[in-house]
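J.: I have a structure I would like to understand better, so I am pasting it below and will then ask my questions one at a time.
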């Protein structure tokens, strides 16, 4: 159900201009008035308040409950830009991700919201079901699944943290005053930090630079971490393949298959 534009107008006042923020759900809007700009969203998680307090997302201005029970949140709309792929190898990204992964406040809130730590075995079972559902039996995918099965016992890691689970460069915003934010937290999980580190390093950082990037993040590149990162980026790639196949996104499906081909060569080399 979309946000009621008339209700928003009454909430903010007639002086505010309100327009959709994009996306198919109708759940997000921009509003502006006298140089002030807000980003409005319906039914954001209570997690947003902690992310705002920690300085990880743009500041939460207010939260209001609508007559139908929906909750609208308003955040400062930041003027700035998305990061470019080349920006992802820099220190600011490493330091912000480290801040997220070591935040007790974020972890406590996700636990209060009922999130359970991700189990790699359960993730692999879901992945195999998704592949079976789209009848995708390509030898390359089966090779990838075999790798995940063979190394499952090696990826159990005790220290679970809050993971964003979609660290694509499009989700990192750099404001005009050089403040970095990570947005779009709908898929956040309690998991092995390698779930974020793997996709980020494999997609954005040259392999010879992994050690120096992880040094900025604050840890060493161990063989255990190397394996866990490979495991999670591989599982993510196969999940994307099954998802695009199910949606009938032919171009994205073939692109993901090519990515899997390259990834398997990198992992086994």
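One-based numbering along the chain as shown.
Using the three backbone atoms N, Cα and C, a Cβ is placed for every residue, glycine included.
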J.: Check Swiss-Prot: it lists 76, 77, 78, 80 as binding ATP. Then name which of 39, 47 it lists for that same site.
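T.: Candidate listed by Swiss-Prot for the same site: 39.
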J.: What range among 180-203, 204-227, 228-251 does Swiss-Prot describe as motif 'APH'?
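T.: Checking Swiss-Prot against the ranges 180-203, 204-227, 228-251, the motif 'APH' one is 180-203.
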J.: Looking at the ranges 156-163, 164-171, 172-179, which is given as motif 'Brenner's motif [HXDhX3N]' in Swiss-Prot?
T.: 164-171
J.: With a radius of 8 angstroms around the mean position of the C-beta atoms of 39, 76, 77, 78, 80, what other residues of the same chain does the ATP site pick up?
T.: 37, 58, 75, 79, 173, 175
J.: Measuring Cα to Cα, how many angstrom lie between residue 80 (ATP binding site) and residue 166 (active site, proton acceptor)?
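T.: Checking the Cα atoms of residue 80 (ATP binding site) and residue 166 (active site, proton acceptor) gives a distance of 20 Å.
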